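Here the structure comes first, spelled out in structure tokens, and everything after it is commentary.
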Amino acid sequence: MALSPTPTVFPFVSRGERGFLERGMDPVLTWLDTFGLIVFAVSGGLVAARKGMDIVGFALMATVTGIGGGTFRDMVLGMTPVFWVREPHYLVVCLAVGILTWFVAHRLDSRQRALLWADAIGIAFFTVVGTQVGLRAEAGISVALLMGVMTACFGGIVRDLLAGEPSLILQREIYITACVAGACAYLLFDAMGAGEGVSGVVSFCVTFLVRGAALAFGLSLPGYRDKIDRSQGGTGKG
Amino acid sequence: MALSPTPTVFPFVSRGERGFLERGMDPVLTWLDTFGLIVFAVSGGLVAARKGMDIVGFALMATVTGIGGGTFRDMVLGMTPVFWVREPHYLVVCLAVGILTWFVAHRLDSRQRALLWADAIGIAFFTVVGTQVGLRAEAGISVALLMGVMTACFGGIVRDLLAGEPSLILQREIYITACVAGACAYLLFDAMGAGEGVSGVVSFCVTFLVRGAALAFGLSLPGYRDKIDRSQGGTGKG
Amino acid sequence: MALSPTPTVFPFVSRGERGFLERGMDPVLTWLDTFGLIVFAVSGGLVAARKGMDIVGFALMATVTGIGGGTFRDMVLGMTPVFWVREPHYLVVCLAVGILTWFVAHRLDSRQRALLWADAIGIAFFTVVGTQVGLRAEAGISVALLMGVMTACFGGIVRDLLAGEPSLILQREIYITACVAGACAYLLFDAMGAGEGVSGVVSFCVTFLVRGAALAFGLSLPGYRDKIDRSQGGTGKG
């Protein structure tokens, strides 16, 4: 199935020619990879449900959300064909999840809260993956940072664009910000000489905790207008 | 003009170094290729007319619609430079059609119906092309399916995004679905051992007939809300 | 920092392995390159301010606007990894400008007019850069034209898409058109045998003057509806 000696995309998940089911060596990572993919695809399907799309729309929205981030990363870094062309099970999972969501979306309505927490696991894992792929491209920490954030968030951004909904970038809930924090944590620990494993675990925890805190306490960053209003008020800050 | 030994993009249309005009061997395929390109470009120009754009907007919208799908396909598969950089006549045709549409768009208003049928020919042909390019990349049938659908539909999706109109994905008329059906037909016949020619003709006919049926009878797939409403009604389906 | 022997992106700015600060040989070009990048990034930050985004949104919008055009150009031409992966200072500048804009956007409100003129310098320079990169890819003048226009304008188009604002393509003010004029001027002088330097200077001036005239006199191209209205009036034009 491998098309060419391009770099592996999920480097610590898939090595060499092993397929989806034979990756027994790193069961936790494989599980997280698949879990994150499924959660992202479900979130795409749920937006399709909200917009009243047909079943083909569900499949496409699930696919865009599930693999959009890694696709952008691979195209920018020149790692083409992109990862899901080299390992099509990613695409198969997204299409299947999208179709499945068509049948069960109404049962997921009452589980919105659980899905948000599952999504937090997804962005935490894909931030680690993206940052690591960026670092391995030896392109500097700013590129690795952006790769981490975009791998986690780009699919959701395109999902919202296609659905005609306000983009993630427009919302001030701490979502992209959590990925920024997690990617920074990875780069910090990497710079201090920690290995990929330690940096990855720390990064995962930081992203998840920051996003989780936002979910638990309804935190958001101040928007530009809040900042202006506050600085024009009596607090003396400016 | 060939930049590098990259794979040909319309493999059964252009072989080797033959240019646009010398492709005498497959006149039907060349005709369909050009016809589809022009129809897509016109549809981009008509959206530009509806949105009151200027002539430069017409040219850009025609170009995005005409070559957007193949551009996405080539970037994802790593077939860069993309096809219209290797064979710029595709770009020239789109720009010219866009400019021409600026002058004649008001005469096309009464021909909307004919244009929809012409568009059906376009998506049928480009579904075949995309599926075949996907299969030749030896990346599995799920990738070939997506390449077929995206080659036909991605340009129209970006066209609507740029124009601020509801995306094709949001509409439930059978458009993307027809391409899915046609790509599946190709893959089925290919799996049964039919050659590229037979699979291509069958795929073309399936896409065109499904899309044509939708146009003729105003068919659409049920949207998610219809499905929910129905399952909550008295039909006992659920 | 160079990842592979890919072509340089700003060919007359960066040569070989020289970094951002060592490019002493072409100070004017380096200055224009950096100036244009900063102006684009500021315009992204100002849209973020208008939409009330948080500081992370400022950084992302500045980045998308600053490097979006060149990213599209490099991906289409197959010059991957894209330029800001090979030369990350472009990314660092955008991120820094976006964050800085968060703190000073309110002071820029009264300088909107000056920023529009600065932006005119930016699109003029990047039209030259894009056209030149397109020509060097030896892909024909239509491709070079589109590369020039897209290098200058694509970042702004994506900026508006992400912010949910009407796209540059939808507006009829002479913006994209100025880049088209400048790219045509480059190609004309290049075809007449003028060197890169002369063609570049002429192209820069044409883009800047056309855009400047539009800014100074509030010019715009007629939109499609104006054209229809006029042709249906008593002028006899059709």
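Every residue gets a Cβ built from N, Cα and C, even glycine.
Record features (TrEMBL):
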TRANSMEM  B:28-48  transmembrane segment
DOMAIN    B:31-105  domain 'Glycine transporter'
TRANSMEM  B:55-76  transmembrane segment
TRANSMEM  B:88-105  transmembrane segment
TRANSMEM  B:114-135  transmembrane segment
DOMAIN    B:116-190  domain 'Glycine transporter'
TRANSMEM  B:141-162  transmembrane segment
TRANSMEM  B:174-195  transmembrane segment
TRANSMEM  B:201-221  transmembrane segment
Where DSSP helix means H, G or I and strand means E or B, what are the helix, strand and coil counts for the domain 'Glycine transporter' (B:31-105)?
64 helix, 0 strand, 11 coil
Using a Cβ-Cβ cut-off of under 8 Å, list the residues of the same chain that are 6+ residues beyond the ends of the transmembrane segment (B:55-76) and lie near it.
9, 37-38, 40-45, 47-49, 82-84, 90-91, 93-95, 97-99, 101-102, 105, 126, 129-130, 133-134, 147, 150-159, 162-163
Quick one: DSSP breakdown of the domain 'Glycine transporter' (B:116-190) into helix, strand and coil?
59 helix, 1 strand, 15 coil
